[in-house]
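Report on the structure given below.
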C-alpha cells in the first residue's frame, strides 16, 4: 500500500476514533471532523490526479462517495440515524481506498460493503440484547405476578390488540410482502451477478430492521398495493408466455422467501419493542457501529457475509 493510501486510511481511523469518543461522551458528531475528512479526501485525490491517481480512479472514488452521501441522507430522512452518522459514512467512503473493496458486489458503489458490515453486527447485537432483555423481563413478570395470572393477562391483551389493529397489521404485512417479492424477483432475474449480490439480503434485512416501518412506505396506500400486485402478476404472466414454463416455481420461491423474511422481521420487531417496554434500551451510538463496519471492511476486504 502506497504512502498516500496509508495517509488516507490513517485519517479515516483518526476521524473514526474521535467521532466515536465524542458520540459516546457528548451524543453528537461535530462538523469540524467531517470538514477535516472532506478537505483531506477531496484535496488528496484532486491534488494527486494524473500523478499518483488516474482520472478514472478519482472519478470512481467521487462517485462512490456521492452515492454514499445520497444513501446516508435517505437513511437520515427516514429517521434511521442522525445527520452526523450520515456525514460520517460519507467521509469513510471518501477516505477508504478502493483496494479495500476488492470483493465488493457493486462496482459503482463499493461502500455498500461498509454499510453491510455495519448493519449485520448491529442486527446481531440488537437480536442478542433483545432476547436477553425479553427473557429476563418475562421471568421478572412471572415471578412478580404469578404464571397463571400473567399468562391470562398477556393472552387477553394480545387478542385485544389484534382485534383492534388487525387491519393495520395486515396492511403492513402486505406492504412488506410485496417489497420482498419485488426484491426476490430482481434477484431471480439478475443471473449470476445478482445471485452473489443476494447474499446482501441479510444486510438489507438489518437495514430494514433499523429503519423500522419506513420500508413499507413505498406501498403506503391501497392503490399502490393493487398496482404493484397487478404489475407482478402481469410480469409473471409474460414470463410464462415468452420465456419460461416455471411460473408456478417462481411464484412459490418468491412467496416462500418473502414470507420467511417477513416472519423473521416481525419476530425481531417484537423482541426489540418488548425490550424497550421493559425499560432497558439505551442509545446505540451509531458512530461506533460505523467505525466497526470500517474496520471489518479493511480487515477482510469485503463483506462479513462473503467470509462465512
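From the backbone N, Cα and C atoms, a Cβ is placed for every residue, glycine too.
Straight from TrEMBL, the features:
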| type | residues | note |
| --- | --- | --- |
| TRANSMEM | 6-21 | transmembrane segment |
| TRANSMEM | 33-53 | transmembrane segment |
| TRANSMEM | 59-76 | transmembrane segment |
| TRANSMEM | 88-106 | transmembrane segment |
| TRANSMEM | 112-142 | transmembrane segment |
| TRANSMEM | 169-186 | transmembrane segment |
| TRANSMEM | 198-218 | transmembrane segment |
| TRANSMEM | 225-243 | transmembrane segment |
| TRANSMEM | 255-274 | transmembrane segment |
| TRANSMEM | 286-306 | transmembrane segment |
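Counted as Cβ pairs under 8 Å, contacts with the transmembrane segment (286-306) are highest for 6-21 among 6-21, 33-53, 59-76. Same-chain neighbours of the transmembrane segment (59-76): 41, 45, 53, 82-83, 85-87, 89-90, 92-94, 98, 108-111, 115, 207, 211, counting only residues six or more beyond its ends whose CB sits under 8 Å from a CB of the stretch.
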